[in-house]
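Visitor: Have a look at the structure that comes next, please.
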Amino acid sequence: MTSFSAYQNEIYLQGLGGVVPPFTTDPDALEQSARDRLGPGPFWYVAGGAGSGATVRANREAFDRVRIVPRMLTNATERHLGVTVLGTRLPAPVVLAPVGVQSILHPDGELATARAAAELGVPMVLSTASSHTIEEVAEASGDGPRWYQLYWPNDPEVCASLLDRARKAGYTALVVTLDTWTLAWRPHDLDQAYLPFLRGVGTAIPFSDPAFRAGLQKAPEDDLPMAILRWVQMFTGTDKSWDQLAFLREHWNGPIVLKGIQHADDARKAVEFGMDGVVVSNHGGRQVDGAVGSLEVLPSIVEAVGEQVDVLFDSGIRTGADVVKALALGAKAVMVGRPFAYGLAHGGQVGVQHVLRGLLADFDLTLGLSGHRSPADLGPDALRFA
Ligand SMILES: Cc1cc2nc3c(=O)[nH]c(=O)nc-3n(C[C@H](O)[C@H](O)[C@H](O)COP(=O)(O)O)c2cc1C
Ligand SMILES: O=C(O)C(=O)c1ccccc1
């Protein structure tokens, strides 16, 4: 048994020596403090949402409408948080969501995140828009579990090249993001003319992939604007269809999950086309302004496909109670995005580790105090709907 709640004891014991945690353990306070540390460009890149921010708020409001009903005297002092997701045993039902261009937040970027995740045995999902190469991040992950997130390029050779590199670098599961085939209208980024993609140029972002380079007439070093244009075009467009998932299946020999699913019929389609799971997600409210809170659609998707494939969840997870709620509604695991990005901004690897240990401790304690010994104990009867 791994006792994630040990982080609580550690903090209190250090307190006896007059030491407090390096960063706040409160997720809202951490966001505020990130605002003070980061410039407005980087801060709003992380914090911002699409349009009016209605969906960012809806994600949180959906959690507020679901309440946990604690049970007593259930022998929950000893807990087992491990789960099997996509055929992999995980120490806890928590995964670091793909977050692009992490060097915006800390010079170590994805390398710091990979080290922190590996330390805890938690999978990191590496974004296609990573500021370090697939191979560099894999090395930083050491023995830690790793999944790769694909922004599905229009060029099949670039697609095959990315998948081949990820497989060779030891990534086991593929997360295909469908909800961001173009960036949404994001007023915070627009008002500062802050395009995260371009802020990553000069780091590794587009230009390390050999198939991408081969498709250019001039090397990116010699014609940067052209290379940027081609890169943006390659990840923008609608010319994808369900039957093209067969291409990904051919080029990926491991589990594939579709990220960005919000409708039960799309989840059924994912199963029909041979996918191994879905991530119920609205991209943290960053894509469709006015979209439904992601937690609101989780039950219908679990009902539709939960018996057949793994249903993961993200968008709005901030606390241990949120993890309990999503699992009780049928998610096998959750992904967390902004909180670890703020941790990264505060202290690189140490900051990510602090956030992750805090979330896992909070989850462990909340699970136990509400009367459950393991994620498998959780079901809808652990909840009430306000
Ligand atoms: C700064 C930032 C960058 C992101 N970049 C990516 C990305 O490159 N690929 C992707 O699939 N999702 C990306 N996402 C979405 C996250 O994977 C995840 O769906 C979302 O953050 C979950 O919501 P939360 O932030 O409320 O936890 C990004 C999110 C943020 C905040
Ligand atoms: O900002 C995002 O949500 C996102 O997905 C993204 C896409 C490309 C580069 C960086 C982030």
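Sequential numbering from 1, following the chain as shown.
Keep in mind that glycine also has a Cβ here, set from the backbone N, Cα and C atoms.
Checked TrEMBL, it gives:
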type: ACT_SITE; residues: His283; note: active site, proton acceptor
type: BINDING; residues: Tyr45, Tyr151, Arg186, His283, Arg286; note: glyoxylate binding site
type: BINDING; residues: 98-100, Ser127, Gln149, Thr177, Lys259, Ser281, 314-318, 337-338; note: FMN binding site
type: DOMAIN; residues: 19-386; note: domain 'FMN hydroxy acid dehydrogenase'
Visitor: What whole-number Å value do you get for the CA-CA distance of Gly100 (FMN binding site) and Tyr151 (glyoxylate binding site)?
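Guide: The Cα atom of Gly100 (FMN binding site) is 11 Å away from the Cα atom of Tyr151 (glyoxylate binding site).
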Visitor: I'd like to know which of the binding-site residues Tyr151, Arg186, Arg286 sit within 10 A of Arg338 (FMN binding site) at the Cα level.
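Guide: Cα filter at 10 Å returns nothing.
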Visitor: Do any of Tyr45, Gln149, Tyr151, Arg186, Lys259, Arg318 (binding-site residues) have a CA within 10 A of His283 (active site, proton acceptor), and if so which?
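Guide: Within 10 Å of His283 (active site, proton acceptor): Lys259.
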Visitor: Where the criterion is a Cβ under 6 Å from an atom of ligand 2, which of the binding-site residues Tyr45, Arg286, Asp314, Arg338 meet it?
Guide: Arg286
Visitor: For Lys259 (FMN binding site), which of the three DSSP-derived states applies: helix, strand, or coil?
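Guide: DSSP call for Lys259 (FMN binding site): strand.
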Visitor: For the domain 'FMN hydroxy acid dehydrogenase' (19-386), report the average pLDDT of the model, please.
Guide: 95
Visitor: Rank the binding-site residues Tyr45, Tyr151 by how many other Cβ atoms lie within 10 Å of each Cβ and give me the one with the fewest.
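Guide: Comparing Cβ neighbours within 10 Å for the binding-site residues Tyr45, Tyr151, Tyr151 has the fewest.
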Visitor: Please state how far apart, in Å and to a whole number, the two most distant Cα atoms are among Tyr45, Tyr151, Arg186, His283, Arg286, the recorded glyoxylate-binding residues.
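Guide: Spelled out: the longest distance between any two Cα atoms in Tyr45, Tyr151, Arg186, His283, Arg286 is 19 Å.
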Visitor: Look up the residue listed as 'active site, proton acceptor' in the DSSP assignment and reduce it to helix, strand or coil.
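Guide: Helix, per DSSP.
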Visitor: Quick one: of Gly100, Gly316, which of the binding-site residues has the smallest count of other CB atoms within 10 A?
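Guide: Comparing Cβ neighbours within 10 Å for the binding-site residues Gly100, Gly316, Gly100 has the fewest.
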Visitor: Judged by the number of other CB atoms within 10 angstroms, which among His283, Arg286, Arg318 is the least packed of the recorded positions?
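Guide: Result for the recorded positions His283, Arg286, Arg318: minimum number of other Cβ atoms within 10 Å at Arg318.
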Visitor: Looking at the binding-site residues listed here (Lys259, Asp314, Gly316, Arg318), whose Cα lies nearest to that of Tyr151 (glyoxylate binding site)?
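Guide: Given the candidates Lys259, Asp314, Gly316, Arg318, the nearest one is Lys259.
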Visitor: Three states by DSSP: which one describes Arg338 (FMN binding site)?
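Guide: Going by the DSSP assignment, Arg338 (FMN binding site) falls within a helical segment, counted as helix.
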Visitor: Based on a Cβ-to-ligand 1 distance below 6 Å, what subset of the binding-site residues Pro98, Gln149, Arg186, Arg318 would you report?
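Guide: The binding-site residues passing the 6 Å Cβ test are Pro98, Gln149.
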Visitor: DSSP secondary structure for Tyr45 (glyoxylate binding site), reduced to helix/strand/coil, please.
Guide: helix
